[in-house]
């Protein structure tokens, strides 16, 4: 489920629409999708965000791929998303876990202390660890941690780890070698001219 995790919102799509890009990615083989509507160029009206989320959710359901909402607890609950992903400062994680007892709950972690604290929680599904490399998709991203730190955090983590941040077809092999359970990508797929080729490269590298 976590191996090829696509994250996107309307702000990430330079050509075409998010639903068009998402369906192409689903056909090409992504295993999870997170709807993240944030930043310059994103939808601002709650009803528009909700309608876009529902369209994306229906596409994910069509291809039997989990649909995760980024941060927006109210939206995830209202539309019955498969799960929620939150950062360290977005929502109180204990409250989130109580609201989503039987859903996928992802938690962003950046360092040893955050992973150690997360290891004490009951109900978290996976950790999103990064940014591994410099990212252009998140303006407020923390400093990149690099592969060595990623490996250390993977060893410390008691749950599956999805790496995030600046991952592309050129550096993904090093990320897989850190023994992560999945890679999450934004730009490499959102801006890909040929999604089939991009996803094939991301998947093929893992089998080497």
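Heads up, the Cβ atoms here are built off N, Cα and C, so glycines get one too.
Among the features that TrEMBL reports, domain 'Thiamine phosphate synthase/TenI' is placed at 4-188.
Of all the Cβ atoms in the protein chains shown, 21 others lie within 10 Å of the Cβ of residue 70 (4-amino-2-methyl-5-(diphosphooxymethyl)pyrimidine binding site). The annotation 4-amino-2-methyl-5-(diphosphooxymethyl)pyrimidine binding site is assigned in TrEMBL to 34, 35, 36, 37, 38, 70, 108, 138.
With a 10 A radius on its CB, residue 71 (Mg(2+) binding site) counts 19 other CB atoms from all the protein chains. Positions annotated as Mg(2+) binding site by TrEMBL: 71, 90.
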For the binding-site residues 34, 108, which Cβ has the most other Cβ atoms within 10 Å, all shown protein chains included?
34
Grab the pLDDT values for the domain 'Thiamine phosphate synthase/TenI' (4-188) and give me their mean, rounded.
95
Can you give me the Cα-Cα distance between residue 108 (4-amino-2-methyl-5-(diphosphooxymethyl)pyrimidine binding site) and residue 71 (Mg(2+) binding site) in Å, rounded to a whole number?
11
List, in sequence order, the same-chain residues at least six positions removed whose CB sits under 8 Å from that of residue 36 (4-amino-2-methyl-5-(diphosphooxymethyl)pyrimidine binding site)?
7, 8, 9, 70, 71, 186
Of 37, 90, the binding-site residues given in the record, which has the fewest other CB atoms within 10 A of its CB?
90
